[in-house]
């Protein structure tokens, strides 16, 4: 039974990092997105309906209901929440004692509060994934972190609680649901690019925010793109069941395959904190022994000698070879892999039909649920066995209560998660226990379990559609309004934005896929540009001097739809080629009947001016001062600065840690001296350091993984 203390600590630190990035990124965009002069003012979303306070909080769970009590409007309350969330997440990352259940509960509640007023700009799968992961962190985190000297020895059970592994198992189940569903939906969508294995010949060019590496990846040989699609299906569909494999090396192989996929996505695409969050989830596949990098000599000492253990090792090895052989054979068979030695290429094609895949999916969906149930049952039995090892009636009673509570919570969350997971196969969804549907419906608005399915269909097969805004003073000479991040100027290289998510740029990408009426917020964006609202302008260009209408707002604004393609190798000073397609939004000015009609149609007109709130409030003044100090900073620069500062502090902690009295060699010698008198045979054995993610040197390995 390999320990999971270090993976749990690594998971909690990773969740803190992601929360810090998510809160900081959102904070910088609040005035332009949700302020009184923003695109979708947050004050419109929270209007009391005459219901009781607790009923109102349950139906719309957000702490922003209390903002007026602090003298703040909704957007100011959102700023306060995101600032506190950033600081609290950084504190949990740097201070081990802050990695407790209360801190993670506050982080989850703060982000859930933001999502309740975030509207379309927070309707992304990674926001839901962060909420679900954040709630799991609440269960994984201890009530309080034990002192360093009270931690259990590596691989030991002393000092551990029997229930500790149960919530952490839910992290593994979430990773399975995320990856398996993301692979399945690519085929159930009947997208011709995925079925034809040509998706990656378009993906690097047509994704929302490419990186410079995307250009180079796009020009790789077509056969390699097709082979990469096969590898994607292998990693996302065939490998996830190995998350529950009884053989440790199979789980580690699954871990490294997932890490490889996520790292490649990070290099070739700006997907904010999503891939980092997925990497955090993969910590559930690790154990203490792997993170401490046991030496080869220790492996030799632990080599099984009794015949039952030797037989078990041989059977495990045979199972490994069988699994790898089945994966290789299935990949070659179902994707028709053939090596062309003359052209130095590997040809591939799908050899199964949509009907065959649908039948296979119908056959395996319920068994994967039973696989999860069996794995959970094993975890419950393991926890029960550990409880039997507890000594002392009082401690046994307390751990029994904890085991009962956390066991019930783990089972309940597993049952709830089966409902969104079953969306991948409709007939399986209908066969689920009705109680699971009722339980899911009760807590659905809390986003404790969600359905996932990334890159369902490949867009832009004939060129990536792109909306280009233009402004004019006379209606004849038009000037393009260039965004900081999304493609516009064909000579500008794609930026590296991760871990920041420019939410307006992302929504502009979705808007380009259809008519402007499918994106009502776009009309509000046009209105704010005509009004010259500075918070919205800063979403487009943080350096206002680069905005072409920074001196005077444009009299007219319109939008054109273009198609963009990556330039060909050899084209000088160009990253893109583009071609005009059609008018996306007609030319309008303030007071234009077309603009007014669209604003009324979408309910975007300000029926009443915002009430001045908190102008003399000390807290509001402090928020404005902080905003003034941070507004000149570009978002990616600020986030990378936070990361660099955290890294510097962690290095200082590692350097200064060994000099602390508690961790000094003399202190350890004094601590172990009484034990040496009792057991002289143990005196010659080196002490096994306790797992420590705080200031001791053993925290260096988790920091490298992060």
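Easy rule for this one: first residue shown is 1, then count along the chain.
Even glycines carry a Cβ here, placed using N, Cα and C.
Unlike curated entries, TrEMBL annotations are predicted automatically.
Among the ranges 102-126, 127-151, the one that TrEMBL lists as transmembrane segment is 102-126. Non-local neighbours of the transmembrane segment (166-185) in the same chain are 4, 7-8, 11, 129, 132-133, 136, 139-140, 232-233, 235-237, 239-241, 243-244, 258, 278, 281-285, 361, 368, 372, 375-376, 379-380, 383, 406-407, 409-410, 413-414, 417, 420-421, 423-424, 451-456; each lies 6+ residues outside the stretch with a CB under 8 Å from one of its CB atoms. Away from its own ends, the transmembrane segment (77-95) comes close to residues 12-13, 16-17, 19-20, 23-24, 26-27, 30, 34, 42, 63-64, 66-67, 70, 103-104, 106-107, 110-111, 113-114, 117, 619, 623, 626-627, 642, 646, 649-650, 653, 694 of its chain (Cβ-Cβ under 8 Å, at least six residues beyond either end).
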